[in-house]
Amino acid sequence: MKFVLLFGVLLVTLFSYSSAEMLDDFDQADEDELLSLIEKEEARKDCIPKHHECTSNKHGCCRGHLFKYKCQCTTVVTQSGEETERCFCGTPPHHKAAELVVGFGKKIFG
């Protein structure tokens, strides 16, 4: 009987220790996930929205619904006759087509 009681106490102790370790791991994972979300939110605040100028930061465009916007550049001739490059964040045509197909698929299949 003493052996069963000792074994039971040992089992309860090990179980409580392992569950405490698991809870610590979950808490650490929650903290890491929260920090990751905060960092992503900060990066989102610093990104350049759609149709805004990205000439100085060509890799800083925000994310769209499915894809990240791309910095699209064109050459513009000013009134003085000088050619300059102007860029804006936008959705490339192949991304627009993919978003259209996905949207159409969602409407059909729910």
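Quick reminder: no glycine exception, Cβ is built from N, Cα and C everywhere.
In the three-state DSSP scheme, CYS62 (disulfide bond) is classed as coil. Positions annotated as disulfide bond by Swiss-Prot: CYS47-CYS62 (among others).
Of all the Cβ atoms in the protein chains shown, 22 others lie within 10 Å of the Cβ of CYS54 (disulfide bond). The disulfide bond annotation in Swiss-Prot covers CYS54-CYS71 (among others) and is backed by similarity to another entry.
Of all Cβ atoms in the shown protein chains, 23 besides its own fall within 10 Å of the Cβ of CYS89 (disulfide bond). CYS89 (disulfide bond) carries a strand DSSP state (E or B). The disulfide bond annotation in Swiss-Prot covers CYS61-CYS89 (among others).
Counting every protein chain shown, 19 other Cβ atoms lie within 10 Å of the Cβ of CYS87 (disulfide bond). Sequence annotations record features per position, and here Swiss-Prot assigns disulfide bond to CYS73-CYS87 (among others).
Residues or ranges marked as signal peptide in Swiss-Prot (evidence: sequence analysis): 1-20.
In the structure as shown, the Cβ atom of CYS71 (disulfide bond) sits within 10 Å of 17 other Cβ atoms.
Between the C-alpha atoms of CYS61 (disulfide bond) and CYS87 (disulfide bond), the distance comes to 11 Å.
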